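Asks: As listed in Swiss-Prot for this protein:
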TOPO_DOM  1-34  topological domain 'Lumenal'
TOPO_DOM  56-1467  topological domain 'Cytoplasmic'
REGION    332-353  region 'Disordered'
REGION    372-416  region 'Disordered'
MOD_RES   SER450  phosphoserine
MOD_RES   SER459  phosphoserine
BINDING   604-731  nucleoside 3',5'-cyclic phosphate 3 binding site
MOD_RES   SER1205  phosphoserine
REGION    1377-1467  region 'Disordered'
COMPBIAS  1382-1393  compositional bias 'Polar residues'
COMPBIAS  1396-1406  compositional bias 'Basic and acidic residues'
COMPBIAS  1448-1458  compositional bias 'Basic and acidic residues'
Amino acid sequence: MDVLEMLRASASGSYNTIFSDAWCQYVSKQITATMYMYCAFGLMGVLFLAWFMYFKRLARLRLRDELARSISSVTNSYGDLRGLRFRKRDKMLFYGRRMLRKMKNVSGQMYSSGKGYKRRAVMRFARRILQLRRDNMPLEMRTVEPPAEYLEETIEGSDRVPPDALYMLQSIRIFGHFEKPIFLRLCKHTQLLELMAGDYLFKITDPDDSVYIVQSGMINVYISNADGSTLSLKTVRKGESVTSLLSFIDVLSGNPSYYKTVTAKAIEKSVVIRLPMQAFEEVFQDNPDVMIRVIQVIMIRLQRVLFTALRNYLGLNAELVQNHMRYKSVSTMSGPINSQTSQSSRQATANGPPMVINQLNLMQSAASGLGMGMGTGTGSGVSVTVTRPPPSPSRHSREEHTLSDPNPNPDGSVHGTSNLFTEVHGDAPNADLFHQQQQSVGNLSTRRSSITQMTPDGSHTCPQAPGVTTSIDMRLVQSSAVDSLRKELGLSEEDAHIIEPFVELRELEPNVTLITEGNADDVCVWFVMTGTLAVYQSNQDATRAKQDKNDMLIHFVHPGEIVGGLAMLTGEASAYTIRSRSNSRIAFIRRAAIYQIMRQRPRIVLDLGNGVVRRLSPLVRQCDYALDWIFLESGRAVYRQDESSDSTYIVLSGRMRSVITHPGGKKEIVGEYGKGDLVGIVEMITETSRTTTVMAVRDSELAKLPEGLFNAIKLRYPIVVTKLISFLSHRFLGSMQTRSGSGAPGAPVEANPVTHKYSTVALVPITDEVPLTPFTYELYHSLCAIGPVLRLTSDVVRKQLGPNIFEAANEYRLTSWLAQQEDRNIITLYQCDSSLSAWTQRCMRQADVILIVGLGDRSHLVGKFEREIDRLAMRTQKELVLLYPEATNAKPANTLSWLNARPWVTKHHHVLCVKRIFTRKSQYRINDLYSRVLLSEPNMHSDFSRLARWLTGNSIGLVLGGGGARGAAHIGMLKAIQEAGIPVDMVGGVSIGALMGALWCSERNITTVTQKAREWSKKMTKWFLQLLDLTYPITSMFSGREFNKTIHDTFGDVSIEDLWIPYFTLTTDITASCHRIHTNGSLWRYVRSSMSLSGYMPPLCDPKDGHLLLDGGYVNNLPGHLWRYCRASMSIAGVFPPFCDYRDGHLLLDGCYTNNVPADVMHNLGAAHIIAIDVGSQDDTDLTNYGDDLSGWWLLYKKWNPFTSPVKVPDLPDIQSRLAYVSCVRQLEEVKNSDYCEYIRPPIDKYKTLAFGSFDEIRDVGYVFGKNYFENMAKAGRLGRFNQWFNKEPPKRVNHASLNEYTFIDLAQIVCRLPETYAVNTAELFSEDEDCDGYISEPTTLNTDRRRIQVPRAGNSLSFSETEMDSDVELDLKLERKMDKSTQSTPPTSSRASVRGKEEARHMDNWHWSVKHKVETASGATEATNAMIDQEQQHQQQADQGVGAEQLADKDEDKENRSSTYNETKN
């Protein structure tokens, strides 16, 4: 613009057009310049286009010329082509290829050009601008609901069976299994009774001789007290029965009783089926084996149901038996003069008045006793005169059974002794007779017997014992013992020769233990001749057991009484410990001898059972009317939701599942109950309706305890209330400690309070390639370090119970035998066959959990056999076990494919196997290999030990809390834990703990974990990368891209399912406002979510449901592809953005906001013992009290004025942070006070949250602190809770019985002389040897020491196959021959051996003879040979201790006598 023109214009006064003119001029110049430029570019473009078209046309002309030249050359070579024909086949081929080429071009254009191509290009550009990512989410686990049968009970019934017959069948099942002909015979005796409301079914003084089954209506059973009041015991509904099994024994033994206190009355119109007990008597006459089995079942029910319920749960011990002496006909040295038949002895026992044991009157029998042989007990000899006081009208066949009777002896002492003593001395005739007999005995100078005296405390002593054997002819004592035991067994005089060879005598000093509780070897029937025995039982109350380690006294056994009949009839171990209370003499018969007598005289079981019943207290008889024994098949419901709660249940065997139905119809598992658990007790006590439905997972047995009986016992015995309060307090305390973490939306099924302790485990192979036998051996080896365990295979079961044991006729015997094995072991392993055999189906029915074993590096497809497993056991929990060879160093991968193909699997395990598992060997070589492996100590850190602890409910969990850079201390603590020998079975973490825990679960090597953690910490110190990640702080300060990259580089695309150790992380779901537990999915994403601290990182969006997840420490700071959930667990709010879950879209933040130490979550997932490491920061609680109001200007003045004292007042961010961690602090306090968690906090408070550069220093602090901490725990004895199972010495043979010692004794088989199932088939014996390819002939095979093989097994020796057992038999026979040679070559010792030593040697020889006889009858059984070896060793020891030549000669003479007696008996 010209300045002069502007000045002129301004001088002329027209200022309004100056600026507009200048602007127009400037614009016109610019437009002109631009137009010239566009014209130049346009011209250049036209010239370029013309040149391009000319070039393309020139190229086309050149190509045409070349084609013409090539055609001309072809024409010149082959002549004119116009005469050639284009065949149809060639034409079709030519045009087909041409069309396909066009289709390819068209499809290529669709993906490379057009609208779709442009749209994708725009989307790619938008992602670059908006930092979006392509949706290439990895494979995720399918969320499949369990099948309906898993949570629903079976409702359908049996329509083919009439209701009356069905109720009849179910009711008499308590007597055992009856075959169809016998059942039909029993049905012929049934009667139908129609009762109106108010009618009596039976009342007091009515005969107790029937079984009543309610077909319709309801019956009330109540008792009458002495004061005239009544108390209801139970209400019998449709299908239930009213009977007393103890009365059943009374009727069969010929002593029918009457109802003393029990009455049954109809509540409404009812129809009742009556089955007289005499009907069983008719059946038993033709089928003695059925009688034996019924008596055995009744005794088993008495021990398992009555004693279990009253003792373990109600705290009753001494109240269950008669503490006073049972009055009966007793003879301490009775001879054949006063002997009676079995009928007379039984009637005298039942109907006779109280008897008094008087001293011996040997005046008249001394001479005859000296002159006659007493070997057989049939001649006359010395007898004991037993007198009775006059009958008392107040005492008859049985005393009154009422709960109102005074408690006889709660402390175990005999209060009734003084009364009995007063009866003896106070009654004139009896007192005179007593003194006369005493004087007559005192006048006997040449031969005196042991005088039984009654001391003031009620015990019976033998003043001259034990030296009395020097003055009494032992043959007279032997004859007296034979006659007494004959009467106790109900045998006649003619049957004395049957038991005489088996009766043994023993002199006891005070405090000599005859048998201990749980011992199955030394079971005998003991008869007290002189002195007193005391019966004890261990204290079931854990608190009292710690305070008082002595056993509890139950009752005394006085002269003339027997003990041991219960264990003899049940065939199980002794339930009591029996000791001598004073100098005593006893006569006893061993179990093997009793069973041999039983084969000839089956009815002795009635007398043995009657002896057990006589000892029981009136309380037990009344409980027998009320307690029910319930059998439930799989799927049957015990009770249903909203039903009335009038009883509680005790699980005797099997497994129960509790399911709650929500108002919307959704079902959820509440809990599971195993053997010994109490079900429904809370609803019964609070008198509320059932809150859940409880059903049987597998075939189960339960004891039903009615509310009426429970109330009656409470009123009579207040100790029951104390026991119940203690039981419920422990249950409520445990529920309070686990309540907070059980209801999380993200928690799986395992998060419910389900008991992960199994009694039976079935092992099923997926394919034939799975080495199932070595796998079972390895698992068995690891379980032996925890407790007694048993391994069962089809071969072992057939070896023990016979080849036809899986047939339907042997159902009772097989079931009882398996139940006995489960009772004796903490866990039983059922190794299934590779096909769906009868044994495999039995394993499915018996299993609490099924382990499906497969090879992790093979195909994940589901086989046909595996689908049948799910069909047969729909309600049984199934877990997948994947095996990996150690040599390949392979890591688990593709686990999601395995789980998605098997929606019925609830949990999976990765197991790293040693080389020997995958070595292909014959069955015999495998057994020989593991016979040596079992001698070694198992590795507590192996995957097999981890699986063993999970199955037994002893898993050890490690919880790592959040704390930023202070999390480096976790690495040092991990190293200290490893050096302390503490195994880690489960890992959970929050925030930085999620990262460190995931590294440990992935690598399991402390060196590799340290290196990766150090590299990640170094990346976090590179601030320039963090500066590049800054973004506009709307949601967070950083975008999170670089942070995600660091976590993804650490883990890669690994899923949580692929980790070696079970792992979980916890995040805060800000979409649903709760914490979430992640046990599957992308690892790095959920670790990132758990580290998303608010304000720094944006929440992670959960890809499952779209929820926003933050750091889980906000709610619980100690708790797909792995890195995603690690990233989600580290999403610090405000620093990193929340992580969006790829499954549901929820936003996830750091888990520290809800639970910074999720030990409660770990406990709910099944960990029994937990180590929780907290590295979080601690808030300052010492704040300034500024009054009612606060001025910010005053705070500013205090802050900037250096001459004033500083004040501690939280600022706004600090207040927001404290509010966010309110839930976390409360959760942390509950964890510190729990009894299942060991809370540890290293001294790392001086380090800041972002001090990642001090990684090594913080790690060393954690290591030093952890090492000292665990050393102090070991010194204090508190470290055993984490590795107590592996500090035991190798189990010894004497403490762990072999397989045959645990064999179920079927008395019915003994009585009816069924074919022996122990016989070895020669063809079967060598069939397996042929498959061994000659390995059995190796010299190391037959030289294996049997005892060396049995040393390492804490359980039973069921883990050997038939071949190995047969080799043991051969070895036993060789050892036996060596023993015989060594015994014969033993030189005689000095002739000064005492008479007592001679008698003990004779008794030992008697034992040896009985075992020898058992070997002959068992036809080579392993049990007999093992017992024979033991007896031969004891025989050898006895000979070494000083048995002279005279003693050996006497023993040889006794051998010949007994052998001749045995031959006569056998003929």
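Cβ atoms here come from the backbone N, Cα and C positions, even for glycine.
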Asks: Considering only the binding-site residues ILE604, VAL620, ARG636, ARG716, which residue has the minimal Cα-Cα separation from SER1205 (phosphoserine)?
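Replies: Nearest in space to SER1205 (phosphoserine), counting only the binding-site residues, is ARG716.
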Asks: Taking DSSP as the reference, which of helix, strand or coil describes SER1205 (phosphoserine)?
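Replies: Its secondary structure by DSSP: coil.
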Asks: Fewest other CB within 10 angstroms, which one of the binding-site residues ARG636, ARG716?
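Replies: The binding-site residues ARG636, ARG716 were compared, and ARG636 has the fewest Cβ atoms within 10 Å.
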Asks: Under DSSP, is LEU652 (nucleoside 3',5'-cyclic phosphate 3 binding site) part of a helix or a strand, or is it coil?
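Replies: The residue in question, LEU652 (nucleoside 3',5'-cyclic phosphate 3 binding site), is strand (DSSP, three-state).
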Asks: Same chain only, sequence gap of 6 or more: which residues have a CB within under 8 Å of the CB of SER700 (nucleoside 3',5'-cyclic phosphate 3 binding site)?
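Replies: Correct list: PHE631, LEU632, VAL651, LEU652, SER653, GLY654, ARG655, MET656.
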Asks: In which DSSP state, out of helix, strand and coil, do we find ILE604 (nucleoside 3',5'-cyclic phosphate 3 binding site)?
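Replies: Its secondary structure by DSSP: helix.
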Asks: Three states by DSSP: which one describes GLU668 (nucleoside 3',5'-cyclic phosphate 3 binding site)?
Replies: strand
Asks: Mind looking up the mean pLDDT for the topological domain 'Lumenal' (1-34) in the predicted model?
Replies: 61
Asks: Please report the DSSP secondary structure of ARG636 (nucleoside 3',5'-cyclic phosphate 3 binding site), reduced to three states.
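Replies: Assignment for ARG636 (nucleoside 3',5'-cyclic phosphate 3 binding site) reads coil.
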Asks: Here are the recorded positions: LEU652, GLU668, SER1205. Which has the lowest count of other Cβ atoms within 10 Å?
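Replies: Looking at the recorded positions LEU652, GLU668, SER1205, the Cβ with the fewest others within 10 Å is that of SER1205.
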